[in-house]
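Enquirer: Feature annotation from TrEMBL assigns domain 'AAA+ ATPase' to 338-478. Annotation source TrEMBL lists ATP binding site at Gly349, Thr350, Gly351, Lys352, Thr353.
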Amino acid sequence: MGSTIVKGTVADIRFRNEENGYTIATIETDNDVVVVVGIFPPVGEGSYVSAEGTFVEHARFGRQLKADSVKLDRPDTLYGMIRFLGSGLIRGVGEKRAAAIVEKFGARTAEIIEREPERLHEVSGISKRLAKEIAESYGEVKAASDALSFLMEFGVTSNLAMKIYLTYGKDTEALVRTDPYRLTEDVRGVGFLTADRIARSMGVPPDSDFRLRAGVAHVLTESAEKSGNTFMPREQLVESAEQLLGEENCARLDDAIDALLLSTRPSALREVAFEGGQAVMLRYLYRAEKSAADKLCRMSDRANRSMPDCADEIAEFERVEGVTFHAEQKKAIASALGGGVSVITGGPGTGKTTIVRCILRLLTAHGKTVRLMAPTGRAAKRLGESTGQEASTIHRALLSDECADGILEDAVIVDEFSMVDVQLLSSLLSKLRDESTLVIVGDADQLPSVGAGNALADIIGSGRFPVTFLTHIYRQGEGSGITVAAHRINAGELPDLKNAGGDFFFIRAADAHSAAQTVRDLVTRRLPGYLGCEPTKLQVLCPVKNGEAGCVNLNTVLRDALLPERGREVAVGDTRFAAGDKVMHVVNNYDIEWSRGTEKGTGVFNGDMGTVLEALPDSGEIIVEFEDGRTVTYSGEDKFQLMLAYAITVHKSQGSEYEGVVIPLVGGNYMIMTRNLLYTAVTRAKRLAVIVGTEETVSRTVRNNFIRKRWSMLGDFILKAESDMVDLMSAGAEDGEKNV
C-alpha cells in the first residue's frame, strides 16, 4: 500500500505525550475527517498540518493514518489562521484575540507577526509587551515546525526529529548543519551510522574532519560496548577506523585522533603507554580505570591487618552453623577481617555464601557496620536471603539519599563481582572512604562483565590484594549434579550426559529446529510439573540471539505457547508486548520514574526483569511490574529498552539464579560457544539444569577454552599507583633524613 498525504486542520486532540510528541488527532480535510497517529510537532486544535503515512485498520478505532511524518503548515485561509492563532499554542491569544488580529491584518497576518511584530500593538487590547510575547511564542512554534521539516528533508524519522529538536530547540538547524556528527554525543540513541547517513544526505564530504573524529570515537565506543575493551592500540584503532570510513578518506586520520586528545567534548580521548606503543582510550573510561586503581591502592594502604585473632569466634560459628571450614576458607575470612581490599573467588558449592555469613557475623560482633551489595536485583535478593541482612543492588545504593554523601559503613561486601564493569566499580569506589573495608566475592571463571573492563580479573591479576581461591566443593553435597557438572565443565571435562537422575540432564536434539521444539515442550509442559513451579520461573539461556535455537526466535515460540490469547498489544519495532509477557530492561536508565505503593523513585537497570501488567495501544504505553514490586510506565523511546525475556542470552543471565534453566546447545561460532559460557549458564540453575543439543556440540564447547582477550588498563594502573606510592614514600624518607 502506497503512502498517502493528508492536509487539514486539527479538530480534536485525543491524546498527546508532550515528552516525545506522540499524538492521536482528528484532522478535518476539505472533504473528510481522518484520525492520524504519529509524532506531531507542537500543535493545538486549529493547527493546520500535513501528514504523510499509510492507512491501517485499528481493531477498536477503525481506519487511521499511521503517520511517518507530520508537518505544521501555515494555514492557507483566513479562517484557518484564526483557528491556528487561537488554538492555545500561541501564548496570550485566544479565539477572540485571534479573530481581531486576522481582521486587522488579513492575508498579511503571518508576515506581520514574523517581520513587524511591534505592529500587533495596533490591535485593540494588545500592549507592546503582549505583542512581543505573542511574536516570541509564534516564533517558537514556527521554529519547531521548521526544525522538524528540515530534519525530515534529510530522511530523519519523525520520532528522531522530535528527539533532536527537544535537545537543540530553536538552534536545531544551525547546529546540525554545522556538524551533524555532534548528534552522536548529544542525542541518546543516535549512533555514528545514523549521523553519517544524515550528514551524507546533506552533502558533508566523506573526508570531513567532523566525520573522521566521529568515526574514531565510534570505533572506540563499539570496541567498548561489544568487546568490553577500555582501550585500543593506536595502530589497531587507525586500521579499524580506515575500514569504517574508507581508507581513501583518511589522509588526516592521525590529525583527527590528535584533535580528540585535546578535546573537551564527551568523545575526548586519552593516550597512555602500552607494550612499547600507545594505547588510545575514551576519556571517561580512562578516568574510570585510573580513579578505581588509585582508590583501591589507597584503601589497601590504609588497611589495618592487625585484626584480633578470631579463631574462637570462627569455631563458635562452625559449631552453631554445623560446618567445618577448610584452611582456604579460614584464610578468606582472615583476609576480610584484616580490612582494606580482599578477594574471595570460587565456583558453585565452594562455600562462598557461608564465608560471607561468617565475615558478616564477626564484623558485626566487633562493632563494625556492614553494607551488602550485588550488581543485579536477583543477586541482591539472594544475598540478603542467605545472610539474613538486607542487600541492595550497587546502583540502588549509589542513588539512595542515605549514600548521597558517601557510603559510611565500615565494610562493604559485593557479591557476583564478575559482573561489575569498570564504570560501576569506579562509581562504587568513589563513595567509599579510604579507611573502608571492601570484600569482593565472585567467580573468576564466569563470563566477564557485559560492560567495558575486566575488573575482577585485573584486580586478581595485579597481585596487589589478598586473594583466596576456593576449590573444595561443599554446597548441596559433592553429589549434586549441577555442581559436579559445572566443575567438570570448568576443568575441561565432559559432564555426565547419561541422565542418571538428579538435577542435571541432557536431552538430545539433532538440529536447531528440533532443539527449539524440545525447549518449548520442556518449558510449557514437562518442567513446570517436574519442579512444581510456574513456567515463568524457568529460564531459557541461549548462547546466541539468532537462529531457530536463538533467543529471538525462542521468545516468539514461548510467548505464543504461554500466552496464546494476547489481548491488546503495543508494537515496539518488530516486537509486540501484551499483558502477561515476561520482559527484561536492557540498559541502565537513571531517569525513568517508578512507583511502589506510596514510594516513588527513579532508575531501572540492565537485567531487571518483570511482567507486563498492561499494554495500551491508544497511547503506545507499556506498564511493567518488576520483580521487586516497582511499577514503570514505558512510553516513547524508553519502550526500546524492553525485550521479551522468556529466552535470554547467557550474558544477560549473569548474577541471576533460576529454579530451572534450559540451555539449547546446537552449534554456533567458535568464539561464542566457549567453556566459560556453558559454565556460566549451568551455574545459573538452582534446582535443575537441562542441556538440549548434541553430544558433539557439548564436547566441542567444553574443549573450547577460547577466551577473548579484553584490552583493559585497570591492572596496569594499579601497579603504577603502587609504584607511585612507593616512590612517594621513598622521597619522604629521604627528605626526613635530610632534615635530621
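Here the Cβ of each residue, glycine as well, is placed from N, Cα and C on the backbone.
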Enquirer: Enter the number of other CB atoms within 10 angstroms of the CB of Thr353 (ATP binding site).
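Expert: The answer is 18.
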Enquirer: Find the average pLDDT over the domain 'AAA+ ATPase' (338-478) in the predicted model and report it.
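Expert: Across the domain 'AAA+ ATPase' (338-478), the average pLDDT comes out at 91.
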Enquirer: Can you tell me whether DSSP puts Gly349 (ATP binding site) in helix, strand or coil?
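Expert: DSSP call for Gly349 (ATP binding site): coil, neither helix nor strand.
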Enquirer: If you run through the domain 'AAA+ ATPase' (338-478) with DSSP, how many residues end up as helix, strand and coil?
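Expert: DSSP classes over the domain 'AAA+ ATPase' (338-478) add up to 54 helix, 30 strand, 57 coil.
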